[in-house]
Amino acid sequence: MRKLHFLILVLILLIGLFFRTYHIVEWLEFGHDADLNAWIVKDIIINHHLRLIGQLTSAPGIFIGPFLYYLFVPFFLLTKMDPVGVLIPATILGIFTIFSYYYVFSKLFNKQVGLIGAFLHAVLISTIDLDRWIVPSITTPIWSIWYFYAIIKITRGDFSVLPLLGILIGLIWHVHIALAPILITIPIALFFARKIPNVKQIIVFLLITLFVSSPLIIFEARHNFSQTKSIVNNFTANFGANNSISENKEIVFGKQNDNAKFNLSPTSKFSLEVEPQTPKIGDEVNLKIISKNPKYSTLVIFTDCGNPKKFETGSNTAILQWSTATCTKKEHRITATARTSKNPPYKIILDKFINILEKENTNIKNLFIFPINLPVILQYIITIVVLFTPLFAWKIKSFTRSQLLICYIWILSIFLFFSFSSIIVSEYYLASITVILISSISVILYKIAKTKSLGKYLVLLLFLLIFIKSFIYYMNFKNYNKGYLEKKAAVKFITMDAKQKGFPCITVSYITITGENVGFRYLFFLNKLHLIHPSVDAPVYNIVIPDGLSSNEVKQKFGHIGVIPPTRIPLKEIIDKSCQTPDTNLTDSMFGFVN
């Protein structure tokens, strides 16, 4: 029996490995996030920059921690800086997550539930895709399953997991800020434990938490707690909200200017003061914002030069620092836009809560139904049933009352956090809820298999159908070939062509829609190609995505990426002069990258 159990676990791990590595290189997307990952790893390895932060997140002023980028370092070195190396740790993490489901559910429930949970995580399309998606949040599933383990253990009075809990708390910043609200389950778990840890356990827990959190603590101390302020700001602003009133005002510097301070409308109640009042190029400028506006108003400041070029602040008073060191024009300007929602705060919060429910409905559809299309009403019914599975698990005595409450407090804390926050929510922000759903469904399926005469066969049939659904999906998946391999080949062609023609530098232009002209920058760096901004004084290579946008002019195709070599080549003397410009591929800013 024990041998059979082991063989089933090995089979599940092999199935998970198959789904996570099938056409793994061919289907590897290499968009902005992948380019940014590689750029940050390059900064660590090539520039010897011991980073305290990773990329800037979609929440203004909040960064991802650097853990994942340091994890990628040895694999970049192994593949000679080729970004394909990230697939190795991603695959290892995916398989370890499957095993973690088995281990955690085996310890919390029993080994049969462990096998069920591991199988579901191994074969569900949504979990497979998340394990194949190379972004910092790839570690969300493994974080979630071990946090679930720690919290349930604490409800049972087992404080041996406190060191693990300290590590997980410290890693939140490195994984995703969306995990922070779940920490409310810690005092709830302690309440159910009906006892508290001893002094030694508390000290060890705090020391481990502080150690793992040290990059965040050091960064915040060095930067005046900028991220902490940004988190507060995200609860007072109106980022991306609809149904709002906007007002614009502008200050122009470099000429006679008597308008270095202005007030925006009584609705938004912002005032902006600039110090010094007439800044010269190179000055460090303070933008003093005073706000008396209602909750969920936002002031967005755009600058036409310097750094940064955009500020966003909510309903709070702040002093923002703007450097004009890189400004070149005699005149430079600030444009301020105040945005205030027409809706009262309670309506904004309610609308956001409903929006988050819609996001979770999409997640549940992707987790259990995709790619099957069901009527909308039926999909909502399935979502409601799935969200009630922790309650069903408690009803059949597979969950204790404490586990039931932990599950719903976990879910509700995420919903409320993003309802009150101004962060624009994506579906993957809610990914940690998956462990709650898989755990409750796993114990229910185990109960069915054990208590019904045909239960075992029904559960096995369900597993077979889930496997077949995923297998057919991946066997028939039609990849739109414009990812890593195609971009690498296109850059290689441009590099070879430029070298054969003796170009000391080139310019690259993109014929595509917004958002598709990404994923090339690191590859150009890898090929040591000197780029300058588009100019008539240097050879211009056009990258066309998809190639059909300019099919008559495209000379080389790589999947759906086309390349148009230079049709006009300036004189050598003109090219040589223009190529004295530093490599803009190295000097230009990159969205999300901060030194």
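Cβ atoms are placed via backbone N, Cα and C, with glycine included.
The transmembrane segment annotation in TrEMBL covers 59-77 (among others). Non-local neighbours of the transmembrane segment (59-77) in the same chain are 37-38, 40-42, 44-45, 51-53, 83, 85-86, 88-89, 136, 138-139, 171, 173-177, 215-216, 219, 226-227, 229-231, 233-234, 239, 312, 423, 594; each lies 6+ residues outside the stretch with a CB under 8 Å from one of its CB atoms.
Annotated transmembrane segment per TrEMBL: 84-103 (among others), in sequence order.
The transmembrane segment feature in TrEMBL is assigned to 133-152 (among others).
If you look up TrEMBL, you'll see 164-190 (among others) marked as transmembrane segment.
Panel annotation: around the transmembrane segment (202-219), residues 52-53, 63, 65-66, 162-163, 165-167, 169-171, 173-174, 227 of the same chain, lying at least six beyond its termini, place a Cβ under 8 Å from a Cβ of the stretch. For 202-219 (among others), the entry in TrEMBL reads transmembrane segment.
Taken from TrEMBL, the feature transmembrane segment covers 368-393 (among others).
Taken from TrEMBL, the feature transmembrane segment covers 405-423 (among others).
Residues 101, 105, 108-110, 112-113, 116-117, 120-121, 126-127, 130, 137, 140-141, 143-145, 147-148, 176, 178-179, 182, 356, 359-360, 363-364, 367, 386-387, 389-390, 392-393, 396, 398-399, 407, 410-411, 414, 418, 423, 459, 462 of the same chain, all 6+ positions outside the transmembrane segment (429-446), place their C-beta atoms under 8 angstroms from a C-beta of that stretch. The transmembrane segment annotation in TrEMBL covers 429-446 (among others).
The transmembrane segment annotation in TrEMBL covers 458-475 (among others). Packing against the transmembrane segment (458-475) from elsewhere in the chain are residues 15, 19, 22, 116, 119-120, 123-125, 128, 371-372, 445, 448-449, 452: each is 6 or more residues past its ends and has a CB under 8 Å from a CB in it.
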Close approaches to the transmembrane segment (164-190) from elsewhere in its chain (Cβ under 8 angstroms; 6 or more beyond its ends): 54, 57, 59, 62, 64-68, 136-137, 139-140, 143-144, 146-147, 149-152, 154-155, 196, 204-213, 215-216, 231, 402, 405-406, 409-410, 413-414, 416-418, 429-432
